[in-house]
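K.L.:
This is the feature table in TrEMBL:
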TRANSMEM  12-33  transmembrane segment
TRANSMEM  45-64  transmembrane segment
TRANSMEM  103-124  transmembrane segment
TRANSMEM  151-168  transmembrane segment
TRANSMEM  180-199  transmembrane segment
TRANSMEM  219-248  transmembrane segment
TRANSMEM  260-281  transmembrane segment
TRANSMEM  315-340  transmembrane segment
TRANSMEM  352-375  transmembrane segment
TRANSMEM  395-417  transmembrane segment
TRANSMEM  438-459  transmembrane segment
Amino acid sequence: MSGARESVHGMWSGRFAFILAATGAAVGLGNIWKFPYIMGENGGGAFVLVYLLCIVLIGIPVMMSEVLIGRRGRQSPGLSVKTLAQEASASPRWQVAGWSGLLASYLILSFYAVVAGWALAYVMKTARGDFQGQSADVIGAQFGAHLADPWALMAWSAVILLVTVLVVGKGVHKGLEKAVNFLMPSLFVLLGIMAIYSATNGAFGEALAFMFTPDFSKLTINGVLLALGHAFFTLSLASGAMIIYGAYLPSNVSIAKTSVLIALVDTAVAMLAGLAIYPLVFQYGLTPAEGPGLIFVTLPIAFGSMPFGTFFGTLFFVMLVFAAFTSAIAMIESTVAWLVERKGLNRMVATAATGGSLWLLGLLTVFSFSGASWATFELNIFGKPITSFFEVVDYLTSSVMLPLGGLVVAIFTGWVMTKKVTEEELQTSGLVYGIWRFAIRWFTPIAVSIVFLHLIGVLEPVLRLVGL
Ligand code: TRP
């Protein structure tokens, strides 16, 4: 039975705590910073549609798989998968599914902390009134100037990592759970206010058309892969988080229902972010393909001109920092849990060491944005231009490690773990179980494989080979 194993790190106090923490992990910069700009770079509507399909058809089933693995294994991702592989008399090699997640989290956090640092800097700038009455051009230039100052970026990301270390070092109960309790609901409300402001003051019709009218001629195979990868990214899948958070989940909570709820909230936040940003993009003649600076050059325009803009703007960036922060906590947790389990380190020491090394790795991102010559270059990976270390880390994680990691998780829970065990752990109706199992055994592996095969250019020859 699942209750047989216990987590050495503690447990969530209940279903609600898990939902908040997992939603906290899912909702973050991915929804508010990344989703709007990659949607813009990939032409809007068609990208959004593929992304939504990936969330429903692949993301939710894989999330259920990961929570299931964690709850049954009750350890850090690698060790949980290893234990369950043993239980199924399968090769211990399957644990790669867990380890790649741990590594992906670690790599993602290295740039995530830097971007969260931008948000923190923008709390100060907005509070000081830097954007009051400024034109779109000036606000764009202000962001450029911020990026060009590596010392500032290093300092702000250090603050983010330091606070993360302090919270996570205190442990699951006292640290993680407390932090998310009040942060997530406030963020939701504030984004709603922003979207209403933009809808009434910006080019709302144009934004709606951009986001919801699919134009497939604008979507490339790289865009499809990005939408797939982003579905994993935004739900914090294939990056250890849902496994480790599942490990702290009480046995009587429904995995299916909570997964659907988390995905719904996460998607709603991303859509709200899009609706808050795009009306302004079109109103002020900015380009949707602005890139990673998109929210930092659009929203301040609104804050600079709306009533109580300084107040709302400051609040918004505070919330953004919080959203990033609840994700950062989840990203560092797998590595810390592993160091504590296997290396016998004290929790605080393990967390501090991880945080310090992440700050160093984050320098790659800092100098990518400040434009240092050693950090910028020109590569082309399967037709996608890659121009800096930030883009390398981003591509490697979102477009390679996450989809492949999700694929392995799907195969592991669908084909390697026994039906008896997954049924027992999911405790759901026959219909839901059947849908999940079909999605995980067939749909996810086939869809992910097709995207990759097409990307590397071997899909067509393979199809011809099998006579299609
Ligand atoms: N889901 C997070 C976001 O949208 C990013 C993320 C990816 C993440 N992998 C994770 C967060 C693992 C926590 C743990 O911002």
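Using N, Cα and C of the backbone, Cβ positions are placed for all residues, glycine too.
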K.L.:
Do the transmembrane segment (315-340) and the transmembrane segment (438-459) come close, with at least three CB pairs under 8 A (pairs 6 or more apart in sequence)?
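P.N.:
When sequence-distant Cβ pairs are counted, the transmembrane segment (438-459) does not touch the transmembrane segment (315-340), since fewer than 3 lie under 8 Å.
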K.L.:
With pairs 6 or more apart in sequence, are the transmembrane segment (151-168) and the transmembrane segment (352-375) linked by at least 3 Cβ pairs under 8 Å?
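P.N.:
Between the transmembrane segment (151-168) and the transmembrane segment (352-375), contact is present.
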K.L.:
Does the transmembrane segment (180-199) reach the transmembrane segment (12-33), going by 3 or more CB pairs under 8 Å (6 or more apart in sequence)?
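P.N.:
Contact between the transmembrane segment (12-33) and the transmembrane segment (180-199): present, because at least 3 Cβ pairs are under 8 Å.
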K.L.:
Are the transmembrane segment (438-459) and the transmembrane segment (395-417) close enough that 3 or more Cβ pairs fall under 8 Å, when only pairs 6 or more apart in sequence count?
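P.N.:
As far as Cβ distances go (cut-off 8 Å, pairs 6 or more apart), the transmembrane segment (395-417) and the transmembrane segment (438-459) touch.
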K.L.:
Tell me whether the transmembrane segment (352-375) sits in contact with the transmembrane segment (219-248), defined here as at least 3 Cβ pairs under 8 Å among residues 6 or more apart in sequence.
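P.N.:
Not in contact, no.
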K.L.:
What stretch in 12-33, 45-64, 103-124, 438-459 has the biggest tally of Cβ pairs under 8 Å against the transmembrane segment (219-248)?
P.N.:
45-64
K.L.:
If you count every Cβ pair below 8 Å, which range out of 12-33, 45-64, 103-124, 260-281 shares the most with the transmembrane segment (438-459)?
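P.N.:
If we count Cβ pairs closer than 8 Å to the transmembrane segment (438-459), 45-64 scores highest.
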K.L.:
Which range out of 12-33, 45-64, 103-124 gives the transmembrane segment (260-281) the most CB pairs under 8 Å?
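P.N.:
Checked against 12-33, 45-64, 103-124; highest Cβ contact count belongs to 12-33.
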